[in-house]
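Engineer: Summarising the annotation, TrEMBL assigns ATP binding site to R59, C60, G89, D90, G91, S92. Taken from TrEMBL, the feature Mg(2+) binding site covers D90. Per TrEMBL, the feature beta-D-fructose 2,6-bisphosphate binding site maps to R446, 503-507, R541, 548-550, E604, R630, 636-639, R710. Annotation comment: TrEMBL describes 1-291, 377-661 as domain 'Phosphofructokinase'. What TrEMBL records for 1-358 is region 'N-terminal catalytic PFK domain 1'.
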Amino acid sequence: MNAAVRATVRVGLYTGAKVFFIHEGYQGLVDGGDCIRPATWESVSMMLQLGGTVIGSARCKDFQTREGRMKAAYNLVKRGITNLCVIGGDGSLTGANQFRTEWSDLLVNLVSKGKISADEAKNASHLNIVGMVGSIDNDFCGTDMTIGTDSALHRIMEVVDSITTTAQSHQRAFILEVMGRHCGYLALVTALACGADWVFIPEMPPEDGWEEHLCRRLMETRNRGSRLNVIIVAEGAMARDGKPITCDHIREVRLGYDTRSTILGHVQRGGTPSAFDRILGSRMGVEAVMALMEATPDTPACVVSLSGNQAVRLPLMECVQVTKDVTIAMKEGRFEDAVKLRGKSFENNWNTYKLLFTHSYTKPQSAPQSPGFININVAVLNVGAPCAGMNAAVRAAVRIGITQGHNMLAVHDGFEGLAQGKVKQFTWTSVGGWTGKGGSNLGTKRVLPAKYMEEISLNIAKYNIHGLIVIGGFEAFSGGLDLVHAREKYEELCIPIVVIPATVSNNVPGSDFSIGADTALNTITMTCDRIKQSAAGTKRRVFIIETMGGYCGYLATMSGLAAGADAAYIFEEKFGIRDLETNVEHIVQKMKTTVKRGLILRNENSNANYTTDFIFNLYSEEGKGVFDCRKNVLGHMQQGGTPTPFDRNFATKMGAKSVLWLTEKLKECYRHGRIFANTPDSACVLGMRKRGLVFQPLDELKEETDFDHRIPKTQWWLKLRPILKILAKYKINLDTSESVFFPAAL
């Protein structure tokens, strides 16, 4: 919420508007006085990393009465406030819309009682309202993600990861209750992200007799060699008859194992916000101000929403109504409708869960039905630098492949390992516990296949490989192209190939987002927080920080937004000595105010001559007498660590989708007792594009690629750079013709 508050204040001031804080929510609006105070640029400094909301929030019964709303209207009119930005759940937003609907009548009453003059009423003749949804439950229909959800998932996964270690040590079963009184999003994504054995959500209660099914599932898991079981329960979970399903209820079922339960409670609401939430809140704040500035008396109240990576403004009350429709559907037992009404994001998560967990305890499907069809062997390998989330993608691919009736082969050490025959068949248990592990358990190398093409084709024939899943960064993309181009010479390479982008650099053509980038982004953001905090209590200080990314400035730009940087130097946006001079003068003036810390980010390959050392020396020299400088090169810590919930969830869905696509391609390419695939659409990149996952032929993506610098020619996130500059107090023009967001977990 603080990121949204900060962005709203600064962009409001940027447009020339007067901006006010209303402390303690609607209660402050009713009480007035010191609860409504002017906001300044400096008053929102150093708040990005703070959880909760610095301006307070409170449930307010007074605002539910007409008398209370009249007091609120009086307080706004007296201060000349005619635009209201509300951050909250559906209750807060519904209250805001009612306030707007009554506004004219409230003014008439205030004039008749002599509380305000006719001129004051005329100047405040209409009230514009825009909403931003702040709710950890992600229970508001119309947006893929609400502010706070990703941070809550971070808190949950920290606890789940800790609990699984003790559960494994003692061979226990753990039941974890997460928040979600009316929405199972947190429980569902947690189950996907940790590989839980079962999840209970209110939208889709289990079938009658679930107790016996649960016991059988846990037993099968143990028989396969697992030492623990994890069951996730949403606090609003219920049975088909409407009776609640609680941790205690599940423990009463004789599971057959030493069982413990943990209710996470309000720990999910606290803590430092994730990078995703900071960027989401910042972007929503900008969009909210723009919506208010463009509003007319006839414009309906809107809510700023996230769809894929697109910013959309939706009618507030339509979204509220759909949210209520979900509750009605659940009460009426229309559970399939409830899942669909939650939106595509929720439905995709549920379908992936069903694929991974419903089929995991049933007999695998037979191979694609054709006369004399062969047993299918699908190979999975990691290529390029390791990153968090690779293992989750491998796990999902292996397990979905097994449910499809395929033999899943794991290739160690990338294309070089394929050339050397480092191929091993994987079973269901081979990838147990992989979801939360960082790096690459299969091993990975940057070696491209060109010089090993002969050996690779021989081993594809030797191991009878019919489909290939390549998980990695730009090397995976380039290697995939090499394999496609070699098809003319080596017939063995005429098999379906899918590339899954996985790199911290987020530089793979064909996808707006790569597995591993979110984990790296959070690492950089949290490190920047600590670095800035290290200067607390000292004199004014500016930090120069170098990030990874090759020639791609994604990490520098997005971590700049998330950490509140004053500048972010990247290769894609050329800069010279005049730009550096402007930046230095800007931060010198800024540090002469009450602001005590500055943050400058530089992508490692942003400029061959203006190096990190050069920029450090420049700022050090020009800042003498005003501030001192420190330099940090973050290095390989950006590639390490356990994957974030976003990366676990994203990788799981990418792995599952890739195998389902391969299965369909294998059916298409089966001819006369063999597989033969040589069309462009038989070798694709699976990527996120705006609002969904799409498959794009590798050959078609060549035209979109800058091979010299290993980046796509067009990158969506460059449109966010003006926001970074505006929030750092630069006077520039903001283009809102095509709004883009940080991508949401699909």
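Just so it is clear, glycine is given a Cβ too, placed from its N, Cα and C backbone atoms.
TrEMBL entries are annotated by machine, without manual review.
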Engineer: Rounded to an integer, what is the Cα-Cα distance in Å between S505 (beta-D-fructose 2,6-bisphosphate binding site) and G89 (ATP binding site)?
Structural biologist: 35
Engineer: Within 8 Å of the Cβ centroid of the ATP site residues R59, C60, G89, D90, G91, S92, which other residues of the same chain have their Cβ?
Structural biologist: G88, L93, T94, G95
Engineer: Largest pairwise Cα distance, Å, within the listed ATP binders R59, C60, G89, D90, G91, S92?
Structural biologist: 14
Engineer: Please give me the CB contact count at 10 A for G91 (ATP binding site), counting all chains in the structure.
Structural biologist: 12
Engineer: Just how many other Cβ atoms lie inside 10 Å of the Cβ on S505 (beta-D-fructose 2,6-bisphosphate binding site)?
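Structural biologist: So the Cβ neighbour count for S505 (beta-D-fructose 2,6-bisphosphate binding site) comes to 30.
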Engineer: Write out the long-range same-chain contacts of R59 (ATP binding site), meaning residues 6 or more apart in sequence whose Cβ is under 8 Å from its Cβ.
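Structural biologist: In sequence order, G25 meet the Cβ cut-off.
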Engineer: What is the nearest of the binding-site residues C60, G89, D90, G91 to H636 (beta-D-fructose 2,6-bisphosphate binding site), using the Cα of each?
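Structural biologist: Among C60, G89, D90, G91, G89.
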Engineer: Restricting attention to the domain 'Phosphofructokinase' (1-291), give the mean pLDDT.
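Structural biologist: Mean per-residue confidence for the domain 'Phosphofructokinase' (1-291): 92 out of 100.
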Engineer: Report, as a single number, how many Cβ atoms besides its own are within 10 Å of the Cβ of G550 (beta-D-fructose 2,6-bisphosphate binding site).
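Structural biologist: So the Cβ neighbour count for G550 (beta-D-fructose 2,6-bisphosphate binding site) comes to 21.
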Engineer: Distance between S92 (ATP binding site) and R541 (beta-D-fructose 2,6-bisphosphate binding site) at the Cα atoms, whole Å?
Structural biologist: 40
Engineer: Specify the nearest of the binding-site residues C60, G89, D90, G91 to G550 (beta-D-fructose 2,6-bisphosphate binding site), where nearness means the distance between Cα atoms.
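Structural biologist: Spatially nearest to G550 (beta-D-fructose 2,6-bisphosphate binding site) by Cα position is G89.
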